[in-house]
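Some features that TrEMBL has for this protein:
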ACT_SITE  SER742  active site
ACT_SITE  LYS785  active site
BINDING   GLY374, PRO375, PRO376, GLY377, VAL378, GLY379, LYS380, THR381  ATP binding site
DOMAIN    13-222  domain 'Lon N-terminal'
DOMAIN    650-836  domain 'Lon proteolytic'
Amino acid sequence: MAAGSAIQIPSRLPLLLTHESVLLPGSTMRTSVDSPRNMQLVRSRLLKGTSLRSTIIGVIPNTSDPTSDCDDLPNLHRIGTAALAVQVVGSNWPKPHYTLLVTGLCRFQVLQLLKEKPYPVAEVQQLDRLEQFTNGHKSEEELGELSEQFYKYAVQLVELLDMSVPAVAKLRRLLDNLPREALPDILTSIIRTTNQEKLQILDAVRLEERFKMTIPLLVRQIEGLKLLQKTRKSKQDDDKRIVAIRPNRRISHGSMTEDEEEEEDYDDVVMLEKKIRTSSMSEQALKVCLKEIKRLKKMPQSMPEYALTRNYLELMVELPWNKSTKDRLEIRAARIVLDNDHYAMEKLKKRVLEYLAVRQLKNNLKGPILCFVGPPGVGKTSVGRSIAKTLGREFHRIALGGVCDQSDIRGHRRTYVGSMPGRIINGLKTVGVNNPVFLLDEVDKLAKSLQGDPAAALLEVLDPEQNHSFTDHYLNVAFDLSQVLFIATANTTATIPPALLDRMEVIQVPGYTQEEKLEIAHRHLIPKQLELHGLTPQQIQIPQVTTLGIITRYTREAGVRALDRKLGAICRAVAVKVAEGQHKEAKPDRAEVGEGEDCKEHITEDVKPESISDAADLALPPEMPILIDFHALKDILGPPMYDMEVSGRLSQPGVAIGLAWTPLGGEIMFVEASRMDGEGQLTLTGQLGDVMKESAHLAISWLRSNAKRYQLTNASGSFDLLDNTDIHLHFPAGAVTKDGPSAGVTIVTCLASLFSGRLVCSDVAMTGEITLRGLVLPVGGIKDKVLAAHRAGLKRIIIPQRNEKDLEEIAAHVRQELSFVLAGCLEEVLNAAFDGGFAAQARHEHLNSKL
Ligand code: ADP
């Protein structure tokens, strides 16, 4: 642009309609070209022309919706800015899209629209004198004080910024060099203003008016910057640029909707402050909150910290600092609740009552944390819930399975993006009282990771000496957890970190016997499922034999969860029949009961009510109650999943039944062995741990050294068992990792059977560790193992002699149905495992020598 000459803009201008922003003279704007009209303008006027710089277009702020731009031309704003198109960037592929850089020159007024399509062209009248912008012509006299005042504010604003930033220094120089008349437009486009405000400035054609309107905006920005600097002293570098802040509410009194919103927000902050003052939080917390609310009041809402601080304060107000439920502990009532909710589990219930009784007498909760350890589905969680019920406390379950980040327990620091409190504080917020029962579920499944050890964080939570001042990283103030009653559950103690285990009192919850399961099903599970499915005992009848059938043939578990699910499936199927039947007229005649092959001997001979399978004929509504017999069971649940496979698998030498313990309860385990020609190698399969492999080697060594005594020979009749012979031992299920010494006796028995060619009794199961000299050492998990053997229908169980004491824990009726052999050495094991004993020919000599 040539300086000094009064430049005239053309009287006809193509018009660019902008949607998101308002271009003011003296400023530059990048605008995205996406509407068809603007696209046409760019294509035909800017891209085809020879020189871009010569292209002057009219930019009309058009705040209407861009989509309405398609058909009729919207009502155009009267005043626009003539602009130089400086740059067009973009591409035609995959979709034409351009970005246009324009510099505002001067205001113009649309006199007449000459054409609308393909892009609008209008006859315009120039409003500002262009030379104002180009020469250093001063006109202070015309504007007098107003311009001086504006200049001062502008200087003040720039001085609030960091002069070391080149852009700021340049701005400072510009303030002196530019004609004063140009300043209102330029500064308005720099500082934070709404489009509405910019539009007002654009419409202020008279210079004086423009100055008057811009000064409050400038003052507002200055105030905002000052506040920002005060509140964020520590983050000074953020202020080094012109920070876009929202107008300060104390200065803007406009009637814009944004202001109204802010007014509302401000009211909220006042309310929040009131809540903080009236809440019963600790003194320390109150102090922190008041400090934060003070900061919040001064903080522009657009700052990310605003929302963070607000969330923090809202959480602080919501936390139950002093709110608690009243304990109504009465031991007799507690006993009734526990007995009503749970069948069996006598030991657990006894210990829980003791615990509660001590709490009642001592009136405080200091003491070990209870930790229920047992297989899934044995009612650990549900006992926790009952404890909360007896105490009249809120109950909250915190699942810890797979938690590997200590911030999960303790929260994230508030400096962290997306920070939040830990599960303990979150739980307290959810229950709304400070003395709930917290069930820490699956503490054995905590994991360690790079993000720290959650178990270590739990230590502080669970330690009664420390937890009165538990500090969550997010809260950053202490919260008293001493009133919370913590109960933990786990499947095994093996994976609980020792320090954590040390703070807890472990109560073992073993699996159930079949009889217990039967009772639990009929007393608790079936009524619960009926209610859940909207059924009544008049509509469905599940006899005990059917339940027993489900327990033995459709589930194999220590707890009752799968049983519960199967009962649920039956109820669903019956619900369909009942619902269908309700639409049919009841008919007096009844279909006959079908007699499937798989109806077992248990089925009651004269089945009166109709079986569900017969009710399949929709023409006949089912007769109530629908009886669930084996026939119906097969229809609903499919063929039985588990069979008593025991006898079939022991039909050849080289198989023995061992007993294993897993976190899911006891299991029976078939150990198989075979031999073949080879070079004396032992192959072990079934994902065995080192201890188990060693047991296998021990067993082979013991058998080799005793081969003569027991007349054990290899295929060629030699007492050297491994001579020209390979042995393969396999432990199903092959996909499950196994370890531990307790399979020792089973391996010996299995190999003794292989080399002697005799069958192991099919109803014998065994467990026990062995030594090289043939002693049998005690092992763990006897109760679970015995229950598993009982479930599988085995009759004789060989256990180490020193495990005799563990038998006391087993219910009397289970003990009666089983015969136990207490073995101190392998000789006794072998004698018990084979029909007619396992005496050897050479035994006499040996015994004699021993005597
Ligand atoms: P866990 O926490 O040990 O995995 P749950 O407490 O979730 O098991 O129990 C599973 C289901 O079995 C629950 O519905 C519970 O009511 C039921 N249940 C388990 N044991 C008993 C019992 N002894 N008496 C009554 N219901 C029981």
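Each residue's number is its place along the chain shown, starting with 1.
Cβ coordinates are placed from backbone N, Cα and C, and glycine is handled just like the others.
Bear in mind that TrEMBL entries carry predicted annotations, made automatically and left uncurated.
Mean predicted confidence for the domain 'Lon N-terminal' (13-222): the pLDDT average there is 79. Listed binding-site residues: PRO375, PRO376, GLY379. The one with the lowest count of other Cβ atoms within 10 Å of its Cβ is PRO376. Across the structure, THR381 (ATP binding site) and LYS785 (active site) place their CA atoms 23 angstrom apart. With the fewest other C-beta atoms within 10 Å around its C-beta, GLY377 stands out among the binding-site residues GLY374, GLY377. Within the set of recorded positions PRO375, SER742, LYS785, no residue has a CB atom less than 6 Å from any atom of ligand 1. Long-range C-beta contacts of VAL378 (ATP binding site), restricted to its own chain and to partners at least six residues apart, with a cutoff below 8 Å, comprise MET345, VAL509, PRO510, GLY511, TYR512, ALA558, GLY559, VAL560. Same-chain residues that are not part of GLY374, PRO375, PRO376, GLY377, VAL378, GLY379, LYS380, THR381 yet have a Cβ within 8 Å of the Cβ center of the ATP site turn out to be PHE372, THR489, VAL509, ALA558, GLY559, ARG561.
The two recorded residues, PRO375 (ATP binding site) and LYS785 (active site), have Cα atoms 12 Å apart. In the structure shown, across all protein chains, SER742 is the one of the recorded positions THR381, SER742 with the greatest number of other Cβ atoms within 10 Å.
Under 8 Å, Cβ to Cβ, and six or more positions away along its own chain, LYS380 (ATP binding site) finds PHE372, GLY374, THR489, VAL509. Cα spacing between GLY379 (ATP binding site) and SER742 (active site): 28 Å, rounded to the nearest whole number. In sequence order, LEU659, ALA660, TRP661, GLY666, ALA765, THR767, ILE797 constitute the residues six or more apart from LYS785 (active site) in its chain with CB-CB distances below 8 Å.
Annotation note: LYS380 (ATP binding site) sits in a helical segment as assigned by DSSP. Classification of SER742 (active site) by DSSP places it within a helix. In this structure the C-alpha atoms belonging to GLY377 (ATP binding site) and SER742 (active site) are separated by 25 Å. GLY374 (ATP binding site) falls outside any helix or strand according to DSSP and counts as coil.
Reported as a whole number, the C-alpha separation between PRO376 (ATP binding site) and SER742 (active site) equals 23 Å.
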